[in-house]
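Asker: Let me begin by handing over the structure; questions about it come next.
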Amino acid sequence: MALIGNSFKLHQNNSLSGISKMTQSQSLRVSIHLPKVVAMMNSNTRLERNFSVSVESVVNELNAPTAVEVVDPTSKQHPTAVGGGVEDVYGEDTATDEQFDTPWSVSVASGYSLLRNPRHNKGLAFSEKERDAHYISGLLPPVVVDQDLQVKKMMANIRQYVVPLHKYQAMMDLQEKNERLFYKLLIENVEELLPIVYTPTVGEACQKYGCIFKRPQGLFISLKDKGKILEILKNWPEKDIQVIVVTDGERILGLGDLGCQGMGIPVGKLSLYTALGGIRPSLCLPITIDVGTNNDKLLNDEFYIGLRQKRAKGQEYAELMNEFMSAVKQSYGEKVLVQFEDFANHNAFDLLAKYSSTHLVFNDDIQHQWFFRGLISALKLVGGSLADHRFLFLGAGEAGTGIAELIALEISKQTKVPLEETRKKVWLVDSKGLIIKSRLDSLQHFKKPWAHEHEPVKELLDAVKTIRPTVLIGSSGAGQTFTKEVIEAMSSLNKKPVILALSNPTSQSECTAEQAYNWSQGRAIFASGSPFAPVEYSGKIYVSGQSNNAYIFPGLGLGLIMSGAIHVHDDMLLAASEALAEQVTQEHLDNGLIYPPFTNIRKISAHIAAKVATKAYELGLASRLPQPENLVAYAESCMYSPSYRNYC
């Protein structure tokens, strides 16, 4: 029987369903939070039993908290409509929307459950009217404060902690309690809090993740789930996912194999997708693929939260990843962005090569366009074209070889010299010394293009003296390897040596900013993967740049989503890096900065997103048509705003 009139109907499962005073173009969802009493329906619902009570009598008699959803198909907020460039399934506001009242499409719990819902909880910012309407009165102290005061209070609390990990835990606790306040705090204090929620503190958080784990922030998929990954994905409460960051935990930063505890990396990265790139948190999904760990310390740790077995490899590993990638596409469509993060070299290259033609994927550990533009900025301070310089890398993994290939490709593009020749401008040192032709048979496939004719060289210092590089780049994950002797040698060879210590976290950085400036007598052009405080040398203050992929991936993700891209093309990554380079002003360069300050990161992300989207349309890879006229303004309109909504 179809629902008629102003009444609820009782199903065989003892649930109440009803509709009241709705037009034919609208539907109502009501949830009454009592044991065995939950109502969900729309105007087309058919009932299995003919039992009815009035809406008013149920609410008045039970005085129960309610959750109401009203959907207006004509509204821009309707799930099938496009609001601000991306489907606004959850009715959340955009950055340019000044109307902060609840839209036609909304789902809001009430009462005690509302205060436990991080998506909607506002804490003491609930107005008296909202408290009365949503059964919160008495559950909070009587004072009402605004969000700005909450931000001020939270920053004061976080600054009281001395240990960075304690600050990280405080931020994670806030994210689990009040999502919008968490992001407002992070956006407005990005330079102070970025090192807390991301590198370097996230590295320590991953090492201790088993001890600090409280509640799920993403999905854990293990070998035990083989054959049912599609069902596992359905357990995640959000059904419209547009960005996934996935890791198998084998190469977490420079810390090595942390297994299941690598989840801190996807969680941290997706926080930045929202805070820096404006991707709504409801569209983001962190995932860890647990195939075991080869870290004996973790296997013997009673608090370890992952599978207690050695890592799966070969066909078993490939089959699990293939099932995962197929399930992701089946669940979320071909336009879901999958970022591979912190996979070991032997899997990272293979996964990117295998799925780049069938899925929307990228790996910023390999595809280092964000770094390349920082290098170009550094060379502006030194002088000469890219081809005029010699590059020496310490570290020949996915990061080192990925950056090296970008350099060689750009030199080839600029000079019209074959790539095989321009690669000879770039030299790499690994754990066994300089990569040369005589080692070719023992090299991994991604190292072989960098094997040049040369006599064997074992030590980095000897390689510096022999190769005489103008640029020294660290991607080894080995701390304190740019010794005083190495930097002094670089300084003796170059008036302005470019020294880039890229490894994370801080403990794994090849050298500190203070060491680079002091040992080079203030002449080094220095940047690092982890942040360092300004350094004073001979009465001058030196501010080093942070070569951080957080400059690129949030804006890249926004550009891919707002254009509806179906594949990530290398030209899109280059467009992103060009947009970043355009944000580096002469004033920044004069102050020794090769990257712009993070204080303007949302503006930077909007420009990056616009460049990426433009390239997607040019390449015919964009599915969201027609193309907006002003893509920068369009990108800004798509960005998530953490400001509170009114629930009355």
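Including glycine, each Cβ sits where the backbone N, Cα and C put it.
Note that TrEMBL annotation is computational and uncurated.
As annotated by TrEMBL, active site, proton donor applies to Y198. Look at TrEMBL and you will find K269 tagged as active site, proton acceptor. Here TrEMBL flags R251, N504, N548 as (S)-malate binding site. Annotation source TrEMBL lists divalent metal cation binding site at E341, D342, D365. Look at TrEMBL and you will find 175-356 tagged as domain 'Malic enzyme N-terminal'. Summarising the annotation, TrEMBL assigns domain 'Malic enzyme NAD-binding' to 374-617.
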Asker: Averaged over the domain 'Malic enzyme N-terminal' (175-356), what pLDDT does the prediction give?
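Answerer: Averaged over the domain 'Malic enzyme N-terminal' (175-356), the predicted model reaches a pLDDT of 95.
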Asker: In sequence order, what residues of the same chain, 6+ apart, have a Cβ less than 8 Å from the Cβ of E341 (divalent metal cation binding site)?
Answerer: V245, V246, T247, I265, P266, K269, N363, D364, D365
Asker: Roughly how many Å separate the Cα of N504 ((S)-malate binding site) from that of Y198 (active site, proton donor), to the nearest whole number?
Answerer: 10
Asker: Restricting to the record's (S)-malate-binding residues (R251, N504, N548), give me the longest CA-CA distance in Å as a whole number.
Answerer: 17
Asker: Around the divalent metal cation site formed by E341, D342, D365, list the extra residues of the same chain whose Cβ is within 8 Å of the site's Cβ centroid.
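Answerer: Residues close to the divalent metal cation site, other than E341, D342, D365: T247, R251, I252, I265, F340, F343, A348, N363, D364.
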Asker: Measure from the CA atom of D342 (divalent metal cation binding site) to the CA atom of R251 ((S)-malate binding site) and give the result in Å, rounded to a whole number.
Answerer: 5
Asker: Are there any residues in the same chain, six or more apart in sequence, whose C-beta is under 8 angstroms from the C-beta of the residue listed as 'active site, proton donor', and if so which?
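Answerer: In sequence order, the residues whose Cβ lies under 8 Å from that of the residue listed as 'active site, proton donor' (at least 6 apart) are G268, K269, S271, L272, A550.
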Asker: Tell me which residues of the chain lie with their Cβ under 8 angstroms from that of D342 (divalent metal cation binding site), as long as they are six or more apart in sequence?
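Answerer: D342 (divalent metal cation binding site) has long-range Cβ partners T247, D248, G249, E250, R251, I252, L253, G262, I265, D365.
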Asker: Run through the Cβ atoms and count how many others sit within 10 Å of the one on D365 (divalent metal cation binding site).
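Answerer: Taking all protein chains shown, D365 (divalent metal cation binding site) has 22 Cβ neighbours within 10 Å.
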Asker: Counting every protein chain present, what is the number of Cβ atoms, excluding its own, within 10 Å of the Cβ of N504 ((S)-malate binding site)?
Answerer: 24
Asker: Ten-angstrom check, please: count other Cβ atoms within 10 Å of the Cβ of K269 (active site, proton acceptor), all chains counted.
Answerer: 26
Asker: For N548 ((S)-malate binding site), list the number of other Cβ atoms lying within 10 Å of its Cβ atom.
Answerer: 25
